[in-house]
Amino acid sequence: MDAYDRQARLYPAAAVAAPATLLALMLFSLPKWWSGLIAFAVTGGLHLIVVQIVRDLGTKRQPHLWKMWGGTPTTVRLRWASAVNPVLHQRRHDDVAAATGIALPNAQEESADPAAADQTYEAAASLLRDATRSADEHPLVKAEVTHYGFRRNLYGCRPFGVAVAAICGLVEVAIAVYSAHGAVDANIPLMTAGATASGVWLLGWLVVVTPNFVRRSADRYADALIAASSSLA
């Protein structure tokens, strides 16, 4: 498992499991049992299955995000309709064209046939991705694609994260209430703290992990990918 797998795929799974892990730690004072379970899961390759599931969840949500954004991040960045500085935009087009061997449309050509222009941008972006896969040669691109992968996959896991945090919070509240009435023997302050943590985690999934949260990272990745073309030309 490389750094990308850990950060972009394993960490989102850990974020989903965090409230359940906290609840389990509060309920079971069995450090040897807990360590044994983790060792069994790792040696059994469970983490490899998890990263594949997380990858699929993120990939499944990606087309939905692109549709919301009006296209893939790199395509949107390359469009003349998105140009803030025409001079700099033309320079970026020239660099991408030189790096990929694909002539990019000018503003008039894009306006006349937007669909064809997007296909050209997507083809150029695909070649740029292939040319910048080396982390040693393009560390910024690698870093940004890893950040984007983490956020995209985290968003893909969002329904599960919400469900786990909500269920764990309700369980912790129920245990605290039953303990207050003497029905069970539990540490009420500890369960209250756990319920609060689950509530904060739930709020994070609902408020922080949004399409805009993913898009900010996607745009930074697109910018890094396009900027890398100047070193490839």
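Every residue, even glycine, has its Cβ placed from backbone N, Cα and C.
The feature transmembrane segment is assigned by TrEMBL to 12-30 (among others).
Residues annotated as transmembrane segment in TrEMBL: 36-54 (among others).
Nonlocal intrachain contacts for the transmembrane segment (160-180), taken as residues 6+ away from its ends with a CB within less than 8 angstroms of a stretch CB, comprise 15-17, 19-20, 22-23, 26, 57, 154, 186-188, 191-192, 194-195, 198-199, 201-202, 205-206, 209. Residues or ranges marked as transmembrane segment in TrEMBL: 160-180 (among others).
Annotation comment: TrEMBL describes 186-208 (among others) as transmembrane segment. With a cut-off of 8 Å between Cβ atoms, the residues of this chain six or more beyond the transmembrane segment (186-208) that come close are 18-19, 22-23, 26, 158, 161-162, 165-166, 168-169, 172-173, 175-176, 178-180.
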